[in-house]
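As given in TrEMBL:
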TRANSMEM  20-41  transmembrane segment
TRANSMEM  62-84  transmembrane segment
TRANSMEM  90-115  transmembrane segment
DISULFID  C153-C186  disulfide bond
DISULFID  C154-C170  disulfide bond
TRANSMEM  233-254  transmembrane segment
Amino acid sequence: MHYYRYSTAEVSCWYKYLLFSYNIVFWLAGVAFLAAGLWAWSEKGVLSDLTKVTGLHGLDPVVLVLVVGVVMFTLGFAGCVGALRENICLLKFFCGTIVFIFLLELAVAVLAFLFQDWVRDRVKEFFENNIKSYRDDIDLQNLIDSLQKINHCCGAQGPDDWDFNIYFNCSSESKSREKCGVPFSCCIPDPAQKVVNTQCGYDVRKKSKSQWHDQIFVKGCIIALEAWLPRNIYIVAGVFIAISLLQIFGIFLARTLISDIEAVKAGNAF
């Protein structure tokens with residue numbers, strides 16, 4: 001008498017619909033990110049003139065939103081359809097992509113820890129390139145302003161980094177009213193002022209550096225971020241662990257469902 005291991009195998013409805021629920025959240029979040037990104041591009045006129053995408057030398061935050069949206073939408077769609085239709089190809093695509101992203105995150109974290117000086121130089125270069133494009137894109141401008149206000153910093157390594165921007169450059173050729181100044185987000189806020197003074201940074205770098213401390217933040221944003229990280233290491237670690245656990249949970253659900261489907265197919269083959 002022969003006994004077959006998979007003769008009574010069946011696909012678990014529990015894992016099937018749990019994976020579907022897991023992915024529907026990803027899919028809806030991806031839709032939300034895509035909608036927000038496309039709306040932002042339409043407001044900036046990018047959708048009517050796609051050459052504006054390559055015209056910005058710095059980071060367009062909308063591009064990051066769209067990339068995240070595309071990845072989440074694709075993974076969510078593959079996971080949802082793969083679970084409902086019990087499609088092994090889609091489930092393997094979903095599982096493999098999640099594994100790849102997880103390993104990529106792990107590799108980036110390890111390399112960032114091992115090569116801190118190299119990472120610091122790349123971050124400095126990245127920040128300086130975005131300072132050059134500060135006035136070219138409203139989303140990038142708001143991002144830099146928020147970073148400087150929240151961290152009480154100015155420039156990559158200091159206020160003089162704003163010489164990289166043609167509007168704030170101190171050169172004699174510049175005709176800008178903002179010449180030799182800094183953005184308002186570099187200014188130390190006055191508690192007595194209820195309305196933000198967007199001109200508070202005008203001409204401030206024409207003064208001696210000893211006078212800067214009374215008007216603007218003199219600490220660079222890279223230094224501020226380096227100081228922020230040790231103080232909030234538990235928060236950063238907690239977020240990383242939470243994301244990792246979600247990814248591992250998704251991988252577990254997908255692999256379990258794939259095993260069930262393969263077991264059913266193997267049982268039906270006899």
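Don't overthink the numbers, they just go from 1 along the chain as shown.
Yeah, the Cβs are placed from backbone N, Cα and C, and that goes for glycine too.
With a cut-off of 8 Å between Cβ atoms, the residues of this chain six or more beyond the transmembrane segment (90-115) that come close are 23, 75, 78-79, 81-83, 240, 243-244, 247-248, 250-251, 254-255, 257-258, 261. If you take the Cα of C186 (disulfide bond) and the Cα of C154 (disulfide bond), they are about 5 angstrom apart, rounded to a whole number. Listed as Cβ neighbours of the transmembrane segment (233-254) (distance under 8 Å, sequence separation of 6 or more from its ends, same chain) are residues 15, 18-19, 22-23, 79, 82, 91-92, 94-95, 98-99, 101-102, 105, 109.
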